[in-house]
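Noted in TrEMBL for the protein shown:
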type	residues	note
DOMAIN	40-431	domain 'SLC26A/SulP transporter'
TRANSMEM	42-63	transmembrane segment
TRANSMEM	69-92	transmembrane segment
TRANSMEM	113-142	transmembrane segment
TRANSMEM	148-167	transmembrane segment
TRANSMEM	188-206	transmembrane segment
TRANSMEM	232-255	transmembrane segment
TRANSMEM	372-392	transmembrane segment
TRANSMEM	398-416	transmembrane segment
TRANSMEM	428-458	transmembrane segment
């Protein structure tokens, strides 16, 4: 091979490849894809598909859509995340929160509203990624998120009670739901209720199946047998949703073939085949009224902002939970999620995001790369192509049980106890968000929770804690070192200036350590200017230590720097204060002597004899000292 063929890749080409791989992560991990990873992803993908198919149908039912819309939402996200995704455990698809929010803003409207909602949410998520707005998610604290998620879970559980009890009614909110539930309590179908309870118990038992310590497996001699049994129990536990759907659907089918009727309410006929690929409809006909694109946007209202933010929040939270210490590229996750929803809307998808339940299944299944989404998505397409006639027999009570057990463990009570002991303000934020979300509405509760957090943040940022340290140099000069605990921004300027002036009463030089001042706004700069003029007009009493060059440049542009006094290094403090003290003493003596000379020149004889003698002696000193200095200079 010639030297020309072995020449290294130019630096510019390597940089361009890195930039492309940053936005298309598959180019980074695909060249290192091994047979072991392929087998692991195949197993994880199939397991994930068994979980996703029944859950997606339940999520569609929660959004008051027919089950096939849940299946339409499963495969596009999985396929796209292979190319653009960054965290292998994240699985894009329908989720309980997305279904709940979709219902909130498209209730009693045709499917066109849902599909367009998905498209617009994707556009907003993509725009957030392009504008690098990932930092906005950081303003939603963990307590507020926990309260919001717990409230969503409670609302979902109450909403699924009608399916669990064999009832059918429409409700506007949780209060209306409970009212109609008690109103129709005499219409409860015992067969549906029994099947629902059986399904819940089955799912809860099988959830713990993999963690039970069985006596038969304690025999260490049969290691191979124990490993096989443990693996089988693990598969039964992971695939419990598909298993309970299969069992109850078989029961319904047997009832119909043998008795001609089914005692349970069923999902009903589901449209088979793959969805048609087309752009979402930008207008819709509802009865005699035609909704234009702008009418539909007005109908969504706050939902156009709430749903994308919650979608991104959930996705980034899952990514951070499974990142294993690696920094999460929130911008890339936003871009990916936006593409998934935009292209998903072309196959009639409902809004999608990541889900903790799917991520937990993928992680437990040994997932290695996002390639697992290929297999779970393919399983969904196969189900749409061949299994939709059999989905007719899935009882509604079973789907309600699947959904209830999926969100039951999202209710976080432990964090409330911990916060109440450790930080009561965070506990109030979590409890307040939960209560308001349940009673008023999930989106209003979230907004008020965020607002409460922001008020706390502004309140804290309006206070600067100053560490006051009394110091003395090796030359004997005393001074006070002031160390702010944070950068100075405009809400804290008044508090900062008041504290400085209180300390300045001691008539000792003040030195502010500005290490934490990374950037000062105009109000902060003017506050420091006022302090400098007040304390340094007659003599130097206020110094700034470690003020960076960028802030100094801003100061010179925005304020008067005549009275600003700077110290670059702590080692210089002793010399600067000592020289300043000498200069100050010389200035005082010179001023005093000048005053006495002026009084003599104007022949002020109002002094007493003793005072006049003192003045004369002082005058002699004032005259003699320059003469001596003059001779020395000669």
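Glycine is no exception: its Cβ is also placed from the backbone N, Cα and C atoms.
Where the annotation comes from TrEMBL, it is an automatic prediction and has not been curated.
Against the transmembrane segment (148-167), stretch 398-416 shows more Cβ pairs under 8 Å than any other of 42-63, 69-92, 113-142, 188-206, 398-416. By the Cβ criterion (distance under 8 Å, sequence gap of 6 or more), the transmembrane segment (398-416) is not counted as touching the transmembrane segment (69-92), fewer than 3 such pairs being found.
At the 8 Å Cβ cutoff, the transmembrane segment (69-92) and the transmembrane segment (428-458) share fewer than 3 close pairs (sequence separation 6 or more) and do not count as touching. Here the transmembrane segment (113-142) has Cβ contacts under 8 Å with residues 63, 65, 69, 102, 105-106, 280-282, 284, 296-297, 299-300, 303-305, 307-309, 311-313, 316, 330-335, 337-345, 348-352, 415, 426, 429, 450, 453-454, 457 of the same chain, all six or more residues outside its ends.
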